[in-house]
């Protein structure tokens, strides 16, 4: 029998002893004080961390720098990063940059899956670096820039075309009338809010665009993210009618919603769980309904 089992028993005994109330820190009911409970949990975390000391995470990171002759050829560099509990891919990349190679380049900002700037191709799937736990991945962890976009340097891709497509659908509120009084507001029913709620989660990370095969083959295709953004404002009951008609024209043009082949890849990789494919199909229905009304009139 290995020595791991006796050590585990010794740890359990120690933990039980910590859970036993002490006279100085116990309440009159015999229970541990809040301070003792916090200390016990902290010690347990430290003990778990000790068992993981020495573990190394192997990152295989895509490298490319067109401005340095020796780095013009794309390659993968290996980084052995010390593991820590709760480590994300972004944490590991930051460690590699700060301790091994300061030229390693990638985008990041909020570290809370809000800014969308650290979307990467991790182990063959579009993910947010700050949202992806090392413990959930097979090693080695392969980190690449988003596919279907031009690489600027290392893990940084050119987002200019993506932003142009997003702005093409006029992603902003355009009501017919503005509130008159100081205390008036643009009211929205709970039902309508529920309709558009999921579409408002978009953080402009471009993960869905990167996963879409139609985007790869048609540079003029609006793409899933812009269509979802258009859906968000078109379906908002507070939006002006002229703006709705104009936006629907944009979404149903030749390179709009009808180019979608319902592969669901965009929905699968969305870090905000937006039902992207479903929203695209809804905009197709809106276009058909308008065309039917036109011919009926």
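Using N, Cα and C of the backbone, Cβ positions are placed for all residues, glycine too.
Predicted automatically and left uncurated, TrEMBL annotations should be read as such.
The shown structure was predicted, so the numbers you read here are calculated from the model rather than taken from an experiment.
TrEMBL lists region 'Disordered' for one of the ranges 1-52, 53-104, namely 1-52. In the predicted model, the domain 'Succinate dehydogenase/fumarate reductase N-terminal' (59-163) has a mean pLDDT of 96.
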